[in-house]
Amino acid sequence: MPIVKLVILGSGGAVPKADRMLPAIYLEDWLGHRVLLDAGEGVQYRLLQIGISPSSLTLIAVTHMHEDHILGLPGLVITSKFLGGRLKVLAPKSMHGALSKLGVEVADSYEEERFKIKCVEVCHTVDACGWLIQWDVGYKLDLSKTSGLPKWALTELIKGKPVKIGDRIITPEEVADPAHKRFKYLLYTGDTAPCPEMWKKVGSVDVLIHEATFADDVSPSKAHEEGHSTVADAIEAARALNAQVLILTHVSARYPDKSRHRELASRISPPPYIYIPEDFETLLVKL
């Protein structure tokens, strides 16, 4: 079963707290990809604390130029160079010139056969990308349509490849379970106000990692003016995107803990299932 591991290395906003560092999330999938979403100050040490070398990262995806999301990047670049590696960094196009001077490989998308990640524009105060990850998890076959087929053919069909049995060519679509989705999606927003135009472009996702800078003590208009969201905004986004799982992060240092965020989230009947993790918490998400 496809499982994605998320380790929350920093769940805070612009100002760190002793138990809530600046934004950074480590993602590892069942295919072996290791992705760092944002690179807040001190993230290199946090990676080492969970046993991950910077040089082992498949790529780093930063959402925008604000310091709380990128101050950990120079250290990662330097360490990777010492270890003989060259980091791949995904970022908004407005950041490419500055990042290329660090000697990293810069782009705004990355693609392999079963894994894609691309920038989707969000609604912040500067040019900013949310990162949409797509996995090809293969087809789930309808057993009533595959009776009698050899095992090798089933394996190829699950991978999405047609097979030839005698004179007949069978495509995966012919024998697939229509209730099963071949592609699974995770969206990490970074900093954003409510962004209906982005929701329309994306369509739907399985997992949404959305900022919730504010609980309910700041007016929505004030939060949106600053390019941020409230808990209610994040829940609205999850429902607009049909997300089954919502993970709230980027919690302002104005809150001594996340109890108010959790209280607001507890009023919602799933879906989405809402998680408000602490730093160093690991989430295993089944796609």
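A Cβ is built for glycine as well, from the same backbone N, Cα and C atoms used for every other residue.
Record note: Swiss-Prot gives His64, His66, Asp191 as Zn(2+) 1-binding, and the candidate from His124, His224 in that site is His124.
When His250, His261 are compared with the Zn(2+) 2 site residues Asp68, His69, Asp191 in Swiss-Prot, the one appearing in that site is His250. Within 8 Å of the centroid defined by the CB atoms of Asp68, His69, Asp191, His250, the record's Zn(2+) 2 site, lie the Cβ atoms of Gly13, Ala14, Leu22, Pro23, Asp38, Gly40, Thr63, His64, His66, Gly190, Glu211, excluding the listed residues themselves.
When the neighbouring Cβ atoms lying within 10 Å are counted for each of the recorded positions (Asp68, Asp191), the highest count belongs to Asp191. Other C-beta atoms found within 10 angstroms of the C-beta of His66 (Zn(2+) 1 binding site) number 19, with every protein chain shown included. In three-state terms derived from DSSP, His69 (Zn(2+) 2 binding site) belongs to a helical segment.
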